[in-house]
Structures are given as C-alpha cells and as structure tokens.
C-alpha cells in the first residue's frame, strides 16, 4: 500500500527507523545504507535504502528507483515499492522501500552454505532470465555482482535470484541500440567483476553483464573468484591493479578445466576478451544450460532414422524448456504429420481386414496403432471387436420353437375284414382294446372275445383317445355292410328262422351303457339285439333298423371325441408363439444405433479438445481454449465418454502452470491452471488457483 508522506516525522510513524541499531543494518551500497524496518501498517518487515541527495538528480537514488520501475514486472527482478524524498534533521535524503528477503543476497548465501547441483541450476537459470529481461528493455546493469542479487524462495523452498541495485545501471538510447557496441563505460564497478572493456574505458555492449555472469558462475561452483591477487599484505591499489591485469589478459585459472559441463563451457563463452566473440545473448547460455543443442541433435538423428515417436518425445522436451524454439516446433510438426499419416494407413488396413473377417491380422494392425498412439479410440474399439470375434464360443444346443408336448403318431396296420359270402354264418365284431398304461409295443392284451362291440362311456372314450386310435372308419362301414346282408337274407327268405340250424338274422351291436343309463341296463352283457316280428312288414323293419342305426351314430358323435388320424392333424393344440426373428433383429439394430450415437458424441468431444489445443498452439488464445474445453468436459460428463485425449493436454498445461508458479509469476500460472481446470476440474488445480489468488 503506497502512501504519500509530507514530513519525515510522518514517515517514521509508519517506518520507525533506528539509525543506531546495528542489528537492523543489512548492508552499505553505492549510494548509502540499507536497514531493516517493520512496517507498522502492514505489520511486515521491509528493507529501506537511504541515500543522501546531493543535488544531482540523475545520480540520485530516486533516479535509480525510477529506472528500475520502468522495467516490467518479472520474477527475477527486485522491485522498489516506492521512493520518498524527505528532509531530515541533517539533510535531504531519498528513502526507497522494497520487500525484505531473509536470505539476504547471493554473497551472503555463498558464505553460509555450499550450493547443491539443483540449487546451482535454479540460481543460474534465474540470473540469466533476469538479465535477459533487463537487456530486452535496453538496460545494462554495469555493476553485476553477488551482492546485487537478492535471494528469495518459492513455496517449495527453492532459491529464486532477484537482480537489484540499479545505481550504475544505464538505459541505452535508440541511437546506441543500433550499434553493436556503445560508450557507457565510466570505469566504475567492482574490480573482480569488471569486464576488460570497463577497465580500459572502451566501447561496451550488453554482453558486458555476461562477463560478470561468468565470474559469478565460477564463484558459485568453486567458492572462489577466477581473478584474484596473489600479493599479500599489499595495498588495496596494488590488489586492484593485479586483478585488472589478469582480467585484461584473460588469465583463466587451471581449476576451470575441472568444472563439469555445461557450466565449464558456459564460463568459457562468457570470459572472452573480444566483445564480438564473447557470447552475445542469454539465449545461448540458457540453451547450453538446458542442453538444448544436444537434445536437438538427438531429435534430428532420430528423425533421419525414421524413429518418429522417439523424435517427437525429444522435440517436446525441448519445447517444454523453450516454448518458442522454432527448429523444435518445425521438427515436431514434421514428425507429427508423418506419424498421423502412418496411423491413418494402419487404421485403414486394419478396418479393411476386419470387414473381410480376417480378425487375427486386423488385431495385429490395431495393436501397432496403439503402440504408436495408446489413446487412439478407433483402434481401441477395433481391437476389442477383433478379440471378441477370436474368442472361442461354447456349443449351444438350439431349443425347439415350442415346448408343448405332442403325442407321437404311429400308423398301426389293421387288416381289412374278410368279405362274408352270402349264407355264411355271421360272427359279431369284437373290439380289441389296448391298455392305456402300457407302451405301444406292449399293448397286446385284449378284452375277452365274449364282449360285443359297444359304445364306450365318456370317461372310457377320453382314456382311450389318449392311448389308442380306434378304427371307426373301418368298423362303421363293416357294420353297415353286415347289417345290409342280414336284411337282404331276411327279406328274400334265404335265412331260416329255426334257431337250431341258423343264427338269428339280427345285427349284433354291443352298446356300452352310459353311467347315467346303468340303472336301465343292470347287466352290461345283456343281449340288446333287434329281433324281428313275424307279422312285421318289410317297411316297418327297415324303419326300425334305420332308427336304431341313427341312435347309435348319434351316441357315437356325442360321447366319443373325435380322434385325429395320421392324415388329419390336431387342430385343438395351440402352441405358444415364439420370439420372432424380427424382434431380435430390432434389438440388435437398437444396440447398434446406440453405439453409433455414442461414437458420434465421442467424435464431437475429441474435436472440441483438438479445437482448444489448436487455439493454444496457434495463438495462445486461452479464452477460446477454455470455452472449447469446458463444453467438451460437460459433454463427457453427460455421455460418459472417454477422456483420454483431454488427460494428456491436462497434464501438459498443469506442468506449464507449475513451472510458471515456481518462478512466482502467479498471474501467468493462474491462467494456465484455469485452462487445465476447463479440461478436468480436480482438487489439485482448484487448490493451485486459490494459491495464485492469495499470493
């Protein structure tokens, strides 16, 4: 919170400065001293740099603060919160306020601890990125040394260097910027970190600060400066001349050969006398630090040998460190295009083999596709279909269309009756009933021959219909023929009436009485034959015979159910309808339709993810990407779709956000976390967004 102060007394109320408190003194710089003070309003410690104003505004502390504030915010640049010029009891002084860093500066850190390789990497990279930011905004520091590099920490405890103290920094003009070098050297600076052109007062360039960086890097790794005076108990002036002599001659120490790469090469590229041969930009040193040249050589070699997937992995490693690396972008695009064409060809071949029902070969092709791209949805589905078709199927006995029991039909041969000649003795027709409980081949027992043919009862007829087939079509005509013969003989006088010589000319018709008629016929074997009357006329006898036969026929129709013959199928049996094939086909069509609709939804989802990825890749349009990703996420949630394509993008964007978050660029990190959140709203990404807002 910035506040305007009109008097030094008001300033002291918020920042109670105690000049005589040695524990509050943090250091002495080019323009004054730095003390630690507690902000009474914000209740936090701040560092206040105090410098007496001597009338030259261009060389004042306020001018330094204004120059530093011209540089846009960046993680590796220390910023002043405000600067106030106030009149004290003794003089007019500038009071510059900035955040207090408990770890102090890099010089303090090197005296306290021995840095580990990861710490050396973090600090080295941070310094180079900070210098790159200054030079991009046309500022040459000119007094670059460990004491002017403040040390902060991120949430994980990693060191973050912050370049400070712009007292000798200069802004390069447009005219000077057009030249490869310019005249900004005034001979000032710390001797051990001066470049040869500073000592000689010749023209300088932006790589003036890179010489100092090489000295700082050597000191971080070895714990000592590369250019030191061997003179003991000598004056300060003698030590300075000895150091400057070694710097001008670039007398590098032998210990430099013991420093591991890439740091040894980086130091050699910095400590070069000729500014035109010295490393010109921080990008080259950053590439050496991250081994970008080695990675690019490896990727290009893989590309030449057709190892496209491995080449893609290496190109992506490069782009993870250098998002704008043009050569890596072009190589990645080339490999991706080749791989996509290969995937398309393999998928087309696999689909063709599957259609031809060559499932084994199609399965092999789909597996090749998945080795190249494990998230290829089409190959996953095709492989599943092939595996299903290749799985052994159990033998299933097909069931009959109906489970209604049908009695087995058998044609039993019945010999036709032998014709009875005229005048022959007529024997009553006897029935041969079969036992219903015996199997067909055992049905040999017959009723006694003494029983005449009779009309069965209702219950007997039902039982008989189940176990046998009575030959009514044969018996009825025979009975009629016999009756006719008897009548013919009677009427023409060819049949005698004497019982001793001839049998009575009547039709022997045995009738089995109904249950309700048993009272009328107590003896079931009683002879119910039609007897002739001597005085009866021929017409009357015919009428009696016709009446009797009609009654017999009527009883047969009422009491005996019609039993179907082999050539007359049963019509009373009703079989339940079985499932029609069209129902099965309809169910399969419905299932296929659902699968097709889900595949269309999956394709729409994948297209939305691709749209968002392209929006990021082509123009870093995060708003458009978030809109596409959010729509895809809702679609996947509603339709239960596969999110394999989104998972890879989510991991990529979270990693980007984590790297930016580690450099304290919380706004930039929040933007990437929001992109990842649009893909997958996890607890992790929500927590990170909240941290970015609160910090």
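Cβ atoms here come from the backbone N, Cα and C positions, even for glycine.
As annotated in TrEMBL, region 'Disordered' covers the listed stretch 560-601 rather than the other ranges in 434-475, 560-601, 602-643. Annotated by TrEMBL as region 'Disordered', the relevant range among 513-540, 653-680 is 513-540. As a whole-number mean, the pLDDT of the domain 'Protein kinase' (20-295) in this prediction is 85.
Secondary structure of the compositional bias 'Basic and acidic residues' (590-600), assigned with DSSP and counted as helix (H, G, I), strand (E, B) and coil, comes to 11 helix, 0 strand, 0 coil.
Neighbour density for residue 49 (ATP binding site): within 10 A of its CB lie 25 other CB atoms from the protein chains shown.
Residue 49 (ATP binding site) carries a strand DSSP state (E or B).
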